[in-house]
Amino acid sequence: MAYVIGIDIGTSALKTLVVNKSGDVVESYSVSYNTAHPKSGYSEIDPEIWYEATLESLKYILNHYTHNDLTGISFSGQMHGLVVIDQEGNPIRPAILWNDTRTSQEVEDIKKNLGLNSLLQLTQNTVLEGFTLPKLMWLKNHEQDNYKRIYKFMLPKDYIVYKLTGNVYTEPSDAAGTIMFSVKDENWSTELLHRLNIDPSICPEIIASHQKSGQLTEKVKNTLGIDSNINVYQGGANNACGALGSGITDEQKQLVSIGTSGVALSIENSTDYENDGNVHYFNHCVPNQKYIMGVTLSAGYSLEWLKQLISADENFTTFLKDINQSEVGANGLMYTPYLLGERTPHNDASVRGSFIGLDANTTQLDMKRAVIEGITYSINESIHIMKNNAININEIVSIGGGAKNNQWLQIQADIFNTTITTRTEEQGPAYGAAMIAAMGEQWFNTFNEMSEAWIAYHQKVYPIETNTKSYQDLFNIYKTIYD
């Protein structure tokens, strides 16, 4: 029996899956770790922690499966992080993560130096504090000695691939999130690099997500106690892998993922599409596919915040049990989920959240429902941008915490006015990484073929017409609050 391994390098944990040729997850393993916050707004980690977590996971898997049966490994990784290595291949400093916000001045400088229109033309995206380019410019401005030592920069998953194989690559889905990459040309923007005086040689070579990066080095094999070769494939960005693992391989379905943040994602392959900066426009890990993505920064984070305020000891199932006792519209209460600012469509780091319509009759159930509705309204702003771009949205695959509560699934169907589908067995981005490894191993001819064979769906939730009409009016009110 042959197996592939998918590994997701998350912010707080590394998750590993073993998948057989039928697409069944036969083993999983997780390793948790902590990030460092040495100053306000800073978020860092020693990249060797990811590598040690990877080795621990592989040792666990190898204790349960014959290494000759494990034929391929691939990765999903958190986007936008900056890892820099020197000529000897050693990390120069801790990795700066996606949720690090120290780069506000660099963002303004980049916009001033390039101009927003030029930036959109060169990369098809705007620049934000969490992205890789301003982190690199921050190093240039604040740690000049470290900047001068840079041999290559990498994204988090690419560093692990490098440690396992000795080869430095990245691929389009992660490169797009650096804002140094032309999404349409699928290569580094040499003009942008030149205008910002960044040496192009520090950029890793681009290969396809399912292209072979190499094999485990002899040093790694000795550490793991094996002698067989295992192929390593480059992998993809976490959102791309999450979409792939949910069956989003073409324009037929869209994705909504509600975790700490919320994501709405749709394939967008029109050659005429021009991003105005309100959404992200990135390359998929599926060849020749691109997607647009809107982000709600405080999705599940908002619900966790409310739970800690009013019922910290309850689990989420109990916390949300009776929210249908509050009517559509939460009895006149509305919530804006701007606890950490907002991404789509406002790109506003300073705006803050609010409850509107509180009165003496407001109940805890009203507050719970208002928060869920507010999160879903925010994601619906991204859905509306997609609809305005002539994307035909007939079915949305919902994953994450928002898919684990039937009442919230109904609210999604009603607010989005679209059929909501859930996965039979949701495994997150690590499953998409395993699919990339399987494609690299040539188990299938296309990702569509693999998706049809491997991806199963659990239930469909349909919009209720009377609820949808009410939510359309409420959503129009919601959109006026920011203005």
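Using the three backbone atoms N, Cα and C, a Cβ is placed for every residue, glycine included.
Annotated features in Swiss-Prot:
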SITE      Asp8  site 'Important for activity'
BINDING   Met79, His80  substrate binding site
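Using a 10 Å Cβ-Cβ cutoff, Asp8 (site 'Important for activity') registers 28 neighbours. According to its DSSP assignment, Asp8 (site 'Important for activity') is in a strand. All protein chains considered, the CB of Met79 (substrate binding site) has 25 other CB atoms within 10 Å. In sequence order, Leu97, Trp98, Gly130, Phe131, Thr132, Lys135, Leu155, Gly177, Thr178 are the residues of the chain that are 6 or more apart from His80 (substrate binding site) and have a CB within less than 8 Å of its CB.
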